[in-house]
Each structure stands twice: as C-alpha cells, then as structure tokens.
Amino acid sequence: MATCWQGLWAYRMYLLVFLLPISLLPLPILVPRKEAYCAYAIILMALFWCTDALPLAVTALLPLCLFPMMGIMEASEVGLEYLKDTNVLFIGGLLLAIAVEHWNLHKRIALRVLLLTGVRPALLILGFMVVTAFLSMWISNTASTAMMVPIAHAVLQELNNTQSNVEEGSDNPTFELQEPSPQKETSKVDEKDNGQAQPLPAVPLESGEHMTQEQLRFSQGMSLCVCYSASIGGIATLTGTTPNLVLQGQMTSLFPQNPNVVNFASWFGFAFPIMVILLLLSWLWLQILFLGINFRKNFGIREQEHEQQRKQAAYRVIQTQYRLLGPMSFAEKAVFILFVILVLLWFTREPGFFHGWGNLVFSDASGRVMVSDGSASILIGVFLFMVPSKIPGLTQDPDNPGRLKAPPALLNWKLVNKKMPWNIVLLLGGGYALAKGSEESGLSQWLGNKLMPLQHVPPPATVFIICLLVATFTECTSNAATTTLLLPILASMAQAICLHPLYVMLPCTLASSLAFMLPVATPPNAIVFSFGGLRVSDMARAGIMLNIIGVLVIMLAINSWGVPMFQLHTFPSWAHSNSTTHCLASPPTAPSP
C-alpha cells in the first residue's frame, strides 16, 4: 500500500496534467456557451499555475490552442496578445539590466553606498536596504538579492570574528568576499520573480552554534533586510516587477480607450512614495525585532573602544572589495550614461503636467503620441549592441600579435539569450490573451453582473479585503500569475459597481509584492533562506507584521495621493461599456478625494 502511495506521489504531476482537464469537462459540456468555454480555460490555467503541474510559461501558451478550438477567438488574434507594447517595454528594460549586471556596475554602486552609510548596526541595515531596493527598481529582484547577500554575510562574518583579533592587537584587513562559485550553484530556478531567473547560490552562513544570541539575531535581521527590500524596491518602477507590467498590459487590453493612464512617470509618482514609506517602516520593524529598542546602541553612540575597532575592521572589508573593482571602466561609464538617458526618456515622454518629447516630436495630426515607453527602452537596448566596451582605438589582438581587433560591444546576443527570462515574456502574453478572451466571450460582462451586490459595500472595505486576500495568496503562488488571474475579474467588478477600475486594480498589483512570510513566496526569500541562519518561523514572525504594514500603506496611498493622481473619485469615460449604462444614470461609487 505504501508503495502504491509513493508511486502516485512520484507521478502526481502527470496525473494532474491529465485529470484536471477531464474533471473540468462538465462545465463546457453542460453549459455549451462561449462564457463557459472561456471559464473552463481560465480555471484550468489557474489550477496548473497553482499546482505547478506544468511550467508557468507552458501553461501561458494554452490560450493559443484552446481559444481558437473553442471558437472564442481566431488564432491570429490570440497570437497578437503575446507581444504587446508592455512586453516590448519589459524586454528593453531587461536589456539594460543585463548590461548593468554584466559589467558589474550594480556591485560598484552597492559598495559605494555602503561606504557612505558605515557599519553601525542600524545604519548598516538601512544601507543594505536602500542599496538593494534601488537595484531592484531597475534589475531583477533575484539578481540584486543574489549579489547583496554574499556582501552582507562577508561583513557579518568580519564583525563576528574580529573581536578576538582586536583584543590580540591584530585584524584581518585583507579579508576577501567569497562569491558563490559556479560549481557550487544549484540548478534550481524559480520563475516567481519580476524578471531574470537566477541560480540559487548554495553558500551557507556560518553556523549559529559559534555565535552569541545577539550576533545571531543581528545576522538574521541583516539577511531578512536584503530579501524584503528587494521585494519592496520592485514596487517603485513600472519595470521593477512583473505584476506592475501585468497591470499596464491589462489596462491596455481591457480598456483600449484609456489615455495611457498607467505609464512609467505616473506609476513612479504613485508607487515611489509607497516604496519609501514601506522601506522605512520595515527598517524600524526589523530594528525593533532583531536589534531591540536600544537606539543609542543601534546607532553606535558612545561605543566602547573594542566595538569601534570591530566595526572599523568590518568597514575595511567593504573598502577592500571596492578597491578590488579598480577604477571605473569605459564600459561601466557607457552603461551608466545609457541608463540615465533611458530613465530621463521614460520620465519626460508624456509626464502629463507638461508636454513631453513624445507630444512635441512624435505625435500625429490628432495629437496622439506615437511612441511609448517601450520605444525608448528598445532604442537604448539597440545602442547597447552598438557602443564598444572599450575606447575605440588601435587595439592589438592578443591571440594574433600585429593584427588589429575591434573591442566587443557592451552586449552580445549570446549573453542576452542566456540571461533574458523569455518565460516571463510568455507569461505576460498569456495573461493578456486571457483578458482578451474573457472580454470577447462575454465572461467579463457575466462576472460583472454577478458582482453587482458589492455596490453596497464601502469601496475602502472592498479594497482592504482584496489586499489581504492577495497578500495571503501570493505567499504560495507566483505574484505574476496571481495578478494575471485576478486583475480581469477586479476590472469587471469595478465596472459592475461603477467604481474606477484602478481603485481596485492598483492595490491588487501592489499587494502581490508583499511576499514576506515564507521562503517559497519569492526567489529573494529562498536565496536568503538557503544561506542558513534562519528558520521558517523567523521569517514568518517578521513577515506577518510587514504584510500588515504593507496593506495599511497601500490603503493610505490609494485613498490619499492616488485619488487626485488618477482621478479615482470619478468613473472614467474610457471604462464605460454596454454593461455600465447604469453608471450614467447614477453617481459612481467612489472614494472621496
């Protein structure tokens, strides 16, 4: 009997792949309508995503075959959803992120900021959080965490091991950061990130048996501050994490008449304050939880001499690592300049409060802007393949003396093909296909009619419940899959109750990044947990409070500065459809400005 159960468990994924579609067949058979056919496809994909029976990207391809076979959409129409402008923006942004990582610019920025903040306990945690959050705004959460955790643990080990050396009159100024070697990296890759999938490093933290209780708690706080700030930092920019791009794509797909409400500038103006507030509150919470409330000690005020010497030794670790990078190379300078140019192009294309370069240069006769944020990102991405990585000159080929050799470009396609997370591109496309199929089949209108009773529930209460549910759900499932499934439903609900769609879609998107409680919730958590020194209970205890804080901050944002920014107190004309005629006859249910 035991062998039978073991066999079933071993083949559980194969069983799920065949049994789930069969078990759902009564729905389209008993209700032979397009709405039921589309619901069958959505439920099937949701179950595949939740159970990991198929890879996320493979599941995202199902609309390409299911929708045409069920008569919901033509195959050519479904295919168009897989490379929309949002996907182009994602690809262009990641081209620059790959260049930043390839030329080690992110490490130089990180170490420089840590040299400025110093190594006092509270400021050290703040320094790591600020650096990780900033990096996660522009590159993968996983990549920023994988880079920052070894640096954090190198500093921790120096702080823990230097006291005896200081007492003997010696220190360890030549300590070198031990990066995880390729041979020791695990092959496990998690797709639940905002972009680039990375191997999980398998470098363990020093055993807690040789630490004092105070040292162990400080190391736990340092580890958690890195993974938490990676998730928080991704909130701030439109390209920072996949759910943000899912929202922009769903807005374009579900409400094609909207005047580009969600763009890089508008998202940054709304989400950056959320990131700052959440980062500061998280810093205070981790400080209280792991360092105690002795702020004088945490900030290094009136320290004893041996404590100062220990921190000086740890500071030298960071200095040594920064010196090992050498002077800033031409490639780093070129990537940094292109990075600044791209950010400026994103902010000034169509800022809203003045005419940007998109309005002034690239608009048609009717005044419609012809370029998008994706256009700017691809333009800079192409330049990465055109700009040489060294100052052009008469460079000798080291393999063939006497022959000239041109330096390589900042990026090459082999590197991009290896680093680019094509699975996320397909996942985004699958989400847009689901939204379009739901609209074409009439399922969105049917859901909206069924959700009409929610019109009598206060909008803030509705949003609060949505945030709690999403924050809980995203602890166990991909944040991208969560938003892909829920945003079309929430959009239909908003139309049904005459509520601005962004009033429920924005909180859902932001809450999907509140994955703080479990190691499996997001790759940054898994990376930190794999280094050792943490128990699941440690992460859950710290994370549950951060989830609550995050939900409250989102509620504050959506009911304060979010209202005038997105005009959330009105029901927009671009959200009107045949199912919202009742919204014209009655005042919209919306939050007060």
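Each Cβ is built from the backbone N, Cα and C atoms, and glycine gets one as well.
Values in this document were obtained by computation on a predicted structure and should not be read as measured data.
Taken straight from Swiss-Prot:
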TRANSMEM  11-31  transmembrane segment
TRANSMEM  53-73  transmembrane segment
TRANSMEM  86-106  transmembrane segment
TRANSMEM  121-141  transmembrane segment
COMPBIAS  164-184  compositional bias 'Polar residues'
REGION    164-204  region 'Disordered'
COMPBIAS  185-194  compositional bias 'Basic and acidic residues'
TRANSMEM  221-241  transmembrane segment
TRANSMEM  270-290  transmembrane segment
TRANSMEM  327-347  transmembrane segment
TRANSMEM  369-389  transmembrane segment
TRANSMEM  451-471  transmembrane segment
TRANSMEM  485-505  transmembrane segment
TRANSMEM  514-534  transmembrane segment
TRANSMEM  543-563  transmembrane segment
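In terms of C-beta pairs under 8 Å, the stretch of 270-290, 327-347, 543-563 lying closest in packing to the transmembrane segment (121-141) is 270-290. Non-local neighbours of the transmembrane segment (270-290) in the same chain are 122, 125-126, 129-130, 133, 137, 217-218, 220-221, 224-225, 228-229, 232-233, 235-237, 244, 298, 506, 510, 541-542, 545-546, 549-550, 553-554, 556-557, 561-562, 565-566; each lies 6+ residues outside the stretch with a CB under 8 Å from one of its CB atoms. Same-chain residues lying 6 or more positions outside the transmembrane segment (53-73) and placing a CB less than 8 Å from one of its CB atoms are 13, 16-17, 20, 28, 34, 37-38, 40-41, 44-45, 47, 79, 81-82, 191, 422-424, 426-427, 429-431, 433-434, 436-437, 440-441, 478, 480-481.
The transmembrane segment (543-563) and the transmembrane segment (451-471) are in contact, since at least 3 Cβ pairs between them lie under 8 Å (pairs 6 or more apart in sequence). The stretch in closest packing with the transmembrane segment (369-389), judged by the count of Cβ pairs under 8 Å and taken from 86-106, 451-471, 485-505, is 86-106. Beyond its flanks by at least six residues, the transmembrane segment (451-471) meets 482-483, 486, 490, 492-493, 496-499, 503-504, 507-508, 510-512, 514, 547, 550-551, 554-555, 558-559, 589-591 of its own chain at Cβ-Cβ distances under 8 Å.
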